[in-house]
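Per Swiss-Prot, transmembrane segment is recorded for 23-42, 62-84, 104-126, 141-163, 170-192, 202-224, 250-272, 287-309, 330-352, 367-384, 405-427, 432-454, and the stated evidence type is sequence analysis.
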Amino acid sequence: MSAIDAGARAPENLWRQEIRATLALAWPMVLTNLGQTAMTATDVMMMGRLGPDTLASGALGANLYFMPLIFGLGLMLATSPMIATELGRRRYSVRDLRRTVRQGLWLAILISIPIWIVLWHGEAILLAMGQEPALAHQAGIYLRWLEWAVLPFYGYIVLRSFISALERPGWALIIVFVAVACNALFNWVFMFGNLGFPAMGIAGSGLATSLSSTLMFAGMAAVVMLEKKFRRYRLFGRFWRSDWPRFNGLLRLGLPIAGILAFEVTIFNAAALLMGLIDADSLAAHAIAIQIASISFMVPLGLNQAVTVRVGLAHGAGNPEGVSRAGWTAFVIGVSFMALMGLVMVLWPHLLISAFIDLANPANARVIALAVSFLVFAALFQVFDGAQAVAAGMLRGLHDTKVPMIYAAIGYWGVGLPLGVLLAFHFGFHGVGIWIGLSSGLAVVAALLLTRWLRRDRIAPPLAFGH
């Protein structure tokens, strides 16, 4: 083989290596995300067996629970790019990683305290929002048992970020799937009063989730203390020692991530409320379409987490070519997958819908027709959603979170929601108008994020964005 042939193959081999590394990191994260979704689905199914009132109370409580939980989750996610950059830099990486993880756990404790206070008063908050007293009371009981899941969940996220940055995410997958099984068992025991325990009803579901989250954290803590590759970092050594500059760095990086998640969650909550203003069939069809889209979104979400690590490693090493290669690899994989899923939605909508509703029941005809029409636009929605999710992870690996937060506000609340309202209620597009608005908002966010990535990738070395 000539020197020219060898030189031509070297870049090709680097791209192949990046594809393999990205997929090896992403697929356990995708399955981990699906496992966490399965835990929520288990809770819903178990609550449904206690009756519609219990299910409604659980839904109210869960919505109130997830609002502050998501904000805190954004803060915890800041540990991933910081750890990856420190690993890529290599110098003092053991000490730096230990300090970052420690400050991440400190932050988990501090942010949990106000969340506990809010959730403890869940019933009063729901009553102030005008909810039915009986439902608010049951939701309040549920929240007082559920709130203790917050801290161990955050601790689990910090430790998961650590093992993912070391490119060993398989442990998180194992732990989550054990937790899914335990969560189902705990629900069965405490909700319905089995194995000699009293029947706690909806409170039992909250207890089950708290115990499962504690199990997840305990399992992850055991892994990082006992597994050979992780043990040398001594993550819990000198846990009491502060590092305020690093703590403040986590806040600076994490607050915009929390803002992005808040904008995303609230825009989808608003879309559901708007569908409810149209009619019940539109809301039901929307719930089906969004659930289908949410399942496939687990893939770009896993790629978002993987590309943050891959870009962060190259970023810390001062390797601009590696930054570019890592970002584009994940972006192409993510968008290609979502385009394929969009095609499935367009070609076989009834097959997908049949998993959620009886197609043979004439009473469901209008819901089915609406869901089919929504899935046409959900196909476009998929591509834009995948693009923005992966692009956000690419920029996060460069510690770039403030401007993406502004882009999220512009796309979701400046374009998506107003356009959806205008099309749905002024121009008579109804539910389809809301889906067009959502798709347009995601397209704007994706375009802005990609433009920023292109500019950063071209004009500056990676370390310019690390501090």
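Glycine residues also receive a Cβ, built from the backbone N, Cα and C atoms like all the rest.
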Feature contact check the transmembrane segment (250-272) with the transmembrane segment (405-427), CB under 8 Å, 3 or more pairs: yes
Stretch with greatest number of CB pairs under 8 Å, the transmembrane segment (432-454) reference, 62-84, 104-126, 250-272 candidates: 250-272
Contact set, same chain, for the transmembrane segment (141-163): CB under 8 Å, 6 or more residues outside the stretch: 32, 57-58, 61, 64-65, 69, 72-73, 76-77, 79-80, 83, 97, 101, 104-105, 108-109, 111-112, 115-116, 119-120, 122-123, 169, 171-172, 175, 202-207, 209-210, 212-214, 216-218, 220-221, 223-224, 230, 233, 235
Interface-richest range of 170-192, 287-309, 367-384 toward the transmembrane segment (62-84), CB pairs under 8 Å: 287-309
Residue numbers, six or more beyond the limits of the transmembrane segment (104-126), whose CB comes under 8 Å of its CB atoms: 60-61, 64-65, 68-69, 72, 75-76, 78-79, 135-137, 139-144, 146-148, 150-151, 154-155, 157-158, 161, 239, 242, 247, 250-251, 254
